[in-house]
Amino acid sequence: MSIDLTSMIYTAEQVRVGEQEAAVACDVSMAQLMQRAAQACLGAIQAQQPVPASLLIVCGPGNNGGDGWVLARLAQHAGYKVQVAATAPRSNLAVLAAQAWRDQGGLVLELESLSAGHFQGVDVVVDAMFGNGLSRDLTAPFIDVVELINRHEDDCWILSIDVPTGLDSDTGVAKPTAVQANCTVTMIALKVGLVTGEAVDYCGDIVLADLGISRAFFRTPPTLRVIQRNLVSEHLQRRRNSSHKGNYGHVLIVGGGAGMSGAALLAGRAALRCGAGKVSIACHRDSQLAIATAQPELMVHAVADDLTALLDVATTVVIGPGLGQTAWARTLVEQVAKWQGPVVWDADALNSLAVAPFSKPTESDWLFTPHPGEAARLLGCTTQDVAANRFQALTQICQNFQAYTLLKGAGTLVKSPHQNDAWVCRRGSPALAVGGSGDVLSGVIGALLAQKIPLEQVLAIAAWLHAVAGENAAQRGERGTLPSDLMAELRALVNPHQLLATGA
Ligand SMILES: NC(=O)C1=CN([C@@H]2O[C@H](COP(=O)(O)OP(=O)(O)OC[C@H]3O[C@@H](n4cnc5c(N)ncnc54)[C@H](O)[C@@H]3O)[C@@H](O)[C@H]2O)[C@@H](O)CC1
Ligand SMILES: Nc1ncnc2c1ncn2[C@@H]1O[C@H](COP(=O)(O)OP(=O)(O)O)[C@@H](O)[C@H]1O
Ligand SMILES: [K+]
């Protein structure tokens, strides 16, 4: 029995411990695992570049290098032309594998002597320098070799074994640079550092090779779960024919300060397109006309300082889109902080909480949607600190504020304050990297909450919808996609039963 581990993500330590236990349970030796790892890489190469392609395999000192040495032998047997460039092997398995390569007459080039000339006529470069054992920043000669490999990304197909060399397998941070692979064949399980932050620029296509021990390994609870389509369709069922607007909640969006009407409008539109029964906007008087004129279905209220009447009728509040950081904004934040119900805190509302936090009423549920800059303000650290360990930043915000938290950016992360594991969104597009995307996301979350999607799932579902809407909108051009373009896509995505019916 083989278990699908593609939706479960682990730390490097979990993989290290789990793989050993699983190997024992399956009566497989580490040498056999290495053989299987190399075989999996050969399979990926055969699928991409059939014999008689020319391979350059670059091996490091540990077992990642060991995988490379074994692959060299297998590939040569399979008919490939193989060159190996290596540093001295240090781990026992790597020493044995290197010896086996030499025993069959294989030549080895010193890693330090590798130069552009060695890439001539090479079809495939295999990066077997470091895997999940990378413990410090790359230095010479490895850093130079990584840069050399990356300079050949246009003429060679680059395969990284387990993890692109230089990428931290827990954080997805390049230390300080990493191999830009076309494909990463990762062993046993997907690692956190392959799916969030900068990782998306280095890994290429990720192939999971479970090495035949997944049935024992899968018992290890994952650190992250991948948000999948079925979670969305499970919670967005067909509407009852007899339903009315009162069944789908009333979202109040608090934002749209002077000069920032667009943000509140985008959030309001997204909430409407995702099925909220009613959507009201509480904005600055200077923004009222612009919003009301742009979207007649929105109920737009100019608020001087008192939100009481609007909070009384709302079922869900979203605060932040275009809110600003004025005294007016702070007055509204103070009132929402006392309101009892589900509140989505975004943008300047988060910045306001970062400056002067409020304690959450016990009856309230708070959902935070920071981008890395807002996350840094909430944690009193720098944006670089957040990028250095996105999962840790997510967990800290979640704990410090007892808030359901979504940390934005490629590989968006989601966590509940009540559960140990978290979610990662592996969908999305750089088309979303434009002002206003986040406002749309907050509107999506508001609408889902208003429709009673459970708190434990709502951020994950919203992240997936938003990301896939971004991908779909980007089909007509990544550059220049606007948050407004997401509306039609969202509408289609929140009706999965109809999508199925039309085969879309
Ligand atoms: N554990 C196992 O049995 C298996 C391991 N496999 C492979 O083994 C890899 C892990 O092997 P290792 O734990 O030996 O780790 P690595 O091969 O990733 O590297 C660890 C070695 O590199 C050194 N090192 C770390 N960072 C360095 C840096 N910046 N500069 C210079 N030296 C540095 C360490 O001191 C250690 O000697 C996996 O990524 C995978 O490719 C696979 O063969 C499957 C089975
Ligand atoms: N490269 C990317 N890949 C995937 N998603 C992205 C990318 N860039 C931005 N996004 C998404 O777009 C949204 C941007 O939100 P935010 O930074 O708050 O923008 P704004 O405040 O201008 O609306 C987030 O949901 C983020 O995850
Ligand atoms: K590697």
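The count begins at 1 with the first shown residue.
A Cβ is built for glycine as well, from the same backbone N, Cα and C atoms used for every other residue.
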K(+) binding, same site as ASP127, THR165 - TrEMBL member from ASN64, ASN92: ASN64
Same-site residue for AMP (record: TrEMBL; known: LYS408, GLY409, ALA410, GLY411, THR412; options: GLY380, GLY436, GLY438): GLY438
Those binding-site residues of ASN64, ASP127, THR165, GLY411 having Cα within 10 angstroms of HIS371 ((6S)-NADPHX binding site): none
Assigned conformation of ASP127 (K(+) binding site) - DSSP reduced to three states: strand
Cα-nearest neighbour of ALA410 (AMP binding site) within the listed binding-site residues, GLY66, ASP127, SER135, ASP162: ASP162
Distance from ASN132 ((6S)-NADPHX binding site) back to GLY438 (AMP binding site), taken between C-alpha atoms, in Å: 33
Binding-site residues clustered about ASP162 ((6S)-NADPHX binding site) [Cα within 10 Å; pool: ASN64, ASP127, GLY409, GLY411, THR412]: ASN64, ASP127
Spatial neighbours of GLY411 (AMP binding site) among the binding-site residues ASN63, ASN132, SER135, THR165 [C-alpha, 10 Å]: none
Distance-selected binding-site residues near ligand 2 (C-beta under 6 Å), from ASN64, GLY66, ASN132, THR165, GLY411: none
